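So that you can see what the record holds, here are the features copied from Swiss-Prot:
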ACT_SITE  79  active site, proton donor/acceptor
ACT_SITE  191  active site, proton donor/acceptor
BINDING   16, 17, 48, 49, 80, 81, 192, 193  substrate binding site
């Protein structure tokens, strides 16, 4: 049983290490515009992907505890690193509240989309090092070939707002050269920061490679889960997200405006 009573009006809690989870917020808002969203970006401790597993699991517990104070009906882990290394910690801390991780949703979508059976995955050092994407993809279909590549500089570039910048293009060209000759037809953006850089990534990979953004898959999964439990918010009003960060709220506002293309309500600064 959940730790608290939930209703259709209860919020969806979403967390990530920084601004990357806004890609999930955007997808959930598009799919489920009436839902109230509580978002936490751990901007004081970003990036998670270069931390140890012990530290990542500690952060995952603390982030979930923060969201649980808002009595959510669903928690979305908008961080592939946590999805890969600490989803069990989130589930334990959530105490019966359903949890959706971006990693499994992205893996399932990649399996659906590939025609050649050759899938590339880019992610943080921790996510790629965990082998979680390869395992999740082969769990769906064991004959598929998976080519992983760690891209550790993408998160800091996104956090700096270098969305369409020559430095980002140079780094992306270096990383994506790893797929030359691999004949992949599908590329998983295995970090929620990476869709922020999607325009540059797509310009390098070309139109013949299908880009998998797990944010859209997660939003679809969230809608299905809430509908099955009778917890969809039926309000005709569009809800604005409640945004929390652990550092630099003004910078977060600027990046939110840049990425989401809209003004936003106040950003709450919380201590961790």
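Glycine residues also receive a Cβ, built from the backbone N, Cα and C atoms like all the rest.
Report note: the substrate site is defined by 16, 17, 48, 49, 80, 81, 192, 193, and the residues of the same chain whose CB lies within 8 Å of the CB centroid of those residues, excluding them, are 18, 20, 21, 46, 47, 78, 79, 82, 124, 127, 155, 191. In this structure the residues listed as binding substrate are 16, 17, 48, 49, 80, 81, 192, 193; their two most distant Cα atoms lie 12 Å apart. According to DSSP, residue 16 (substrate binding site) is assigned to a strand segment.
The Cβ of residue 191 (active site, proton donor/acceptor) has 36 other Cβ atoms within 10 Å, all protein chains considered. In this structure, the CA atom of residue 193 (substrate binding site) is 9 Å away from the CA atom of residue 79 (active site, proton donor/acceptor).
The separation of residue 80 (substrate binding site) from residue 191 (active site, proton donor/acceptor), Cα to Cα, is 5 Å.
Of the recorded residues, residue 79 (active site, proton donor/acceptor) and residue 16 (substrate binding site) place their C-alpha atoms 5 Å from one another. Residue density at residue 193 (substrate binding site): 30 other Cβ atoms are found within 10 A of its Cβ, drawing on all protein chains shown.
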